[in-house]
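Shown next, in structure tokens, is the structure this report addresses.
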Amino acid sequence: MKKRIISVLLASMMALSLVACGGGSKDKEASSNDVKADKSESIKVGIINNDPNESGYRTANDKDMKAMFTKENGYDASFAYSLKNDEQIASAQKFIQDGVDYLLLSAADTAGWDSVLKDAQDAGTQVILFDRTIDADESLYAASIVSDMDKEGETAVNWLRDQKLDEYNIIHIQGVMGSAAQKGRSGALDEAAKSDGWKIVTQQTAEWNAEKAQQIVQSVIDSGEKFNVIYAENDDMAKGAVAALDKANISHGVGKDVVVMGFDCNKWALEELLAQNWNYDGQCNPFQAEYIADVIEKLEAGEEIAEKTIIMDEKGFDATTITEDDVNQYGI
Amino acid sequence: MQTKETNKFNISNFASKLAGRQILIPIAALLLLAVFNLIADPSFYKISLDVNSAGDQVLSGYLITILDYGSELAILAIGMTLVTAASGGQDISVGATIAIAGSVILRVLCGSNSRPDELQAPIIVAFLVACVAGMLCGAFNGILVAGFKIQPMVATLILFTAGRSIAAWINNNELPVISDKGFTYFGGFIPGIPVPTPFFIALGCIIIMALVLKFTTLGLYVQSVGINENSSRLNGLNPAFIKFITFVILGICVAVAALIKVSRISSINYSVIAKDIEMDAILAVALGGNALGGGKFNMGASILGAYVIQFLATTLYKFNVKSDAISAYKAIVVIILVVISAPVVREKFKAFTVKMKTKKEVG
């Protein structure tokens with residue numbers, strides 16, 4: 001009896017999968033026909049991104065992409081979001097099957113992409129990486145549009161050096177250890193501290209978390225150690241640090257006791273700069289859509305992309321020179 | 001000679017009495033940390049009266065920091081103790097629910113504008129709405145645990161996974177920032193009072209809970225359900241309702257903790273606010289010597305346990321221990337606690353003390 005039930009189940013499953021296969025291949029044909037049909041009208045792009053809720057940076061990035069790749073601009077865009085590499089790979093395979101012309105990819109993880117990208121190449125899909133690089137051969141993608149985290153750190157440290165403070169006693173609040181942003185932003189400060197004899201009062205990771213940053217700064221305040229610079233590797237942590245300063249009546253900002261530095265250019269952070277409560281904010285540019293569109297245009301025109309790695313312009317804002325327009329234009 | 005002997009007897013009697021007490025565990029841990037700090041650097045205990053940026057006198061120092069930052073955990077420990085005792089399991093969605101409640105508070109205060117110049121609603125209204133949100137989350141967990149008899153850790157896994165996304169959705173993915181000065185009082189200082197407000201809020205919660213336990217039968221019912229569900233049903237209790245109500249109480253505690261958390265930085269970050277705090281709350285319950293399998297509980301010991309955890313964290317920060325290593329130190333505490341409370345070790349310890357006693361008497 002049991003065996004019979006199982007065999008019936010198996011048989012029905014097989015039948016179902018056959019139907020599914022049939023349906024699938026039909027769909028594929030239809031879609032590839034579609035692509036040929038409206039190729040002249042719109043460019044089909046598949047965009048794989050991380051979850052927009054991850055951070056303000058990602059939200060801005062996603063908004064920027066959605067604003068650029070619209071029907072009005074001549075694109076037929078589909079989006080897929082995941083923080084997990086395997087899910088991203090699955091959606092990449094789906095996009096390739098759907099016959100997209102361009103696959104835009106911000107990979108969750110650097111490894112494991114080779115076979116998918118080869119499939120893309122075979123299917124004639126061009127791959128453009130944005131925001132994050134992957135460990136794959138350069139021939140497998142058309143271009144890679146990234147931020148240079150080392151340069152972000154250097155810009156900030158050079159700005160700090162130009163302030164010509166009498167002494168440098170720095171509280172260094174790091175992001176999640178090992179992330180590209182943390183490595184680049186910490187590296188520049190570590191080097192400068194060595195070469196210029198700056199004193200790092202404490203160097204701790206707050207894992208991008210404002211509460212942790214607050215506790216770290218609180219601990220330094222309680223210990224009574226002197227400090228005059230807070231170098232926080234993102235805005236949230238700078239905000240947490242400032243909350244601890246406010247509690248202890250330590251003045252901060254332009255011409256005050258403590259210099260506050262943050263990264264990422266959140267809109268509220270730039271407003272703090274405008275009010276001169278903070279001193280510096282380094283940009284991590286989330287607006288990659290324009291660069292991508294540029295690359296696609298070139299590829300469509302049959303041009304070669306000479307330099308595959310494209311590094312975006314990134315600014316650093318000083319509280320004494322920032323304007324209202326900057327806040328509106330660059331705030332995320 | 002005679003008096004000396006009775007004295008000695010009294011001391012050993014007292015010690016054995018204390019050894020049987022649950023609260024000994026957090027007290028011993030606290031003493032250990034206190035003595036360590038005293039030897040390593042006595043300036044740890046320095047408290048000074050400074051003027052803060054608003055021009056008010058406030059106390060500052062490591063001890064004040066402990067009272068300040070340990071308060072959320074103490075409040076959560078109250079609810080977690082009840083949940084643990086009644087259901088024999090733990091709620092791991094606390095951090096995510098804090099994100100939801102905090103998001104609700106900001107949503108009510110900000111209205112549709114994410115950066116309002118003035119508050120759109122009184123803070124008390126926002127807090128009450130957050131309480132309702134917290135209670136609803138608690139009720140959801142409670143129904144799954146009490147009604148559908150799902151294991152608490154599995155049931156609360158749902159909100160643990162989804163909570164932070166729900167929190168982001170409540171505010172349309174925006175990050176509201178509140179510039180109102182009055183809102184910072186809950187996580188900072190009220191002008192004119194030199195002790196941090198979170199401590200008073202925690203104290204209020206503790207007093208209310210103490211009164212509830214003293215004047216209602218909640219404590220008794222919770223313990224009897226935790227010890228034996230069937231026999232308490234036979235005695236006319238409704239175990240499902242009592243489990244449910246403990247989750248709702250935890251929901252209120254979560255809302256209070258959320259108010260303090262969002263007030264500290266006048267903003268919220270959905271993905272990291274109160275991260276891993278549920279583990280600390282469970283650790284506080286364990287540190288209080290409460291059985292994690294349910295049954296009898298000691299509320300005071302849990303609360304003391306919460307402050308001991310913050311004491312440990314503050315000590316580690318002071319000695320510049322890498323903050324990502326702090327959880328490793330907490331893990332060591334957990335290992336020690338679990339080993340001590342294992343029945344095998346307890347039996348051995350009991351046998352050992354009995355042996356010592358008989359030896360003494362013989363001598």
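Glycine residues also receive a Cβ, built from the backbone N, Cα and C atoms like all the rest.
Curation does not apply to TrEMBL; its annotations are automatic.
TrEMBL lists B:23-40 (among others) with the feature transmembrane segment. Beyond its flanks by at least six residues, the transmembrane segment (B:23-40) meets 287-289, 298, 300-301, 304-305, 307-308, 311-312, 315, 319, 333, 337, 340 of its own chain at Cβ-Cβ distances under 8 Å.
Annotation comment: TrEMBL describes B:61-86 (among others) as transmembrane segment.
Below 8 angstroms of C-beta separation, residues 76, 80, 116, 119-121, 123, 125-127, 129-131, 133-134, 137-138, 141, 153, 156-164, 166-168, 170-171, 176, 178, 180, 183, 250-251, 254-255, 257-259, 261-262, 267-268, 270, 273-279, 281-282 of the same chain, each at least six residues beyond the ends of the transmembrane segment (B:92-110), sit close to that stretch. Per TrEMBL, the feature transmembrane segment maps to B:92-110 (among others).
Sequence annotations record features per position, and here TrEMBL assigns transmembrane segment to B:122-144 (among others).
Residues 49, 52, 54, 56-59, 64, 67-72, 74-75, 78, 109, 119, 123, 219, 253, 256, 259-266, 299, 303 of the same chain sit 6 or more residues outside the transmembrane segment (B:182-213) yet have a Cβ under 8 Å from a Cβ within it. What TrEMBL records for B:182-213 (among others) is transmembrane segment.
Residues or ranges marked as transmembrane segment in TrEMBL: B:240-260 (among others).
Here TrEMBL flags B:281-308 (among others) as transmembrane segment.
Per TrEMBL, the feature transmembrane segment maps to B:328-345 (among others).
Of the ranges B:61-86, B:122-144, B:240-260, the one with the most Cβ pairs under 8 Å to the transmembrane segment (B:281-308) is B:61-86.
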